[in-house]
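Heads up: the structure comes next, in structure tokens.
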Amino acid sequence: RCSGRVELYHNGSWGTVCDDAWELADAEVVCRRLGCGEALVAVSEAQFGPGSGNILLDDVQCRGDEDSLWQCSHRGIAVHNCQHKEDASVICAGTSLVNYCFVSNASLPAAKVLMHNLFPSVELLVNGEDMCSGRLEVFHNGSWGTVCDDGWDMKDATVVCRQLGCG
């Protein structure tokens, strides 16, 4: 519930927000409104899939302290020059970034770049059956590498699972 495509309810139906001028201050308003903590990423280009129906807001420009996107500067309700391939999304702190990287079907290289940009020293599980299983990789000194299993035990696995938000 704390990451995904931004949709608003207006006049009896749901609509999307265009990513033109979509920035972290805009995502802050959404994350706070949802009770999901601070915004980590303002995501563009329909990374969580394109919506359908009306595009309700375009050129949204928030200061970051507004209570809702409706209070931010925008072109006007349903006034836009967008297509659904430009739908805006958010990733809030209440979200496991691993969920974003794999649930959104982002490619592994793209997921690794996003993870590294947000958290310079990060761990990631790859080639598993789901987002919480797989080979452990760590980003260090500009590249990704694996972790040797010598001395590896449940305490180590517990730390990794907790850091990745996997329980």
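Cβ coordinates are placed from backbone N, Cα and C, and glycine is handled just like the others.
If you go by TrEMBL, Cys82 shares a disulfide bond with Cys18, out of Cys18, Cys31, Cys132, Cys148. Candidates considered were Cys72, Cys92, Cys101; the recorded disulfide partner of Cys31 in TrEMBL is Cys92. Sequence-distant contacts of Cys82 (disulfide bond), defined by Cβ-Cβ distance under 8 angstroms and a gap of at least six in the same chain, are Cys18, Asp19, Asp20, Ile55, Asp58. Here the CA atom of Cys31 (disulfide bond) lies 13 Å from the CA atom of Cys62 (disulfide bond). Residue counts for the domain 'SRCR' (1-93) by DSSP state, with H, G and I taken as helix and E and B as strand, are 16 helix, 28 strand, 49 coil. Geometry remark: Cys31 (disulfide bond) versus Cys72 (disulfide bond), CA distance 14 Å.
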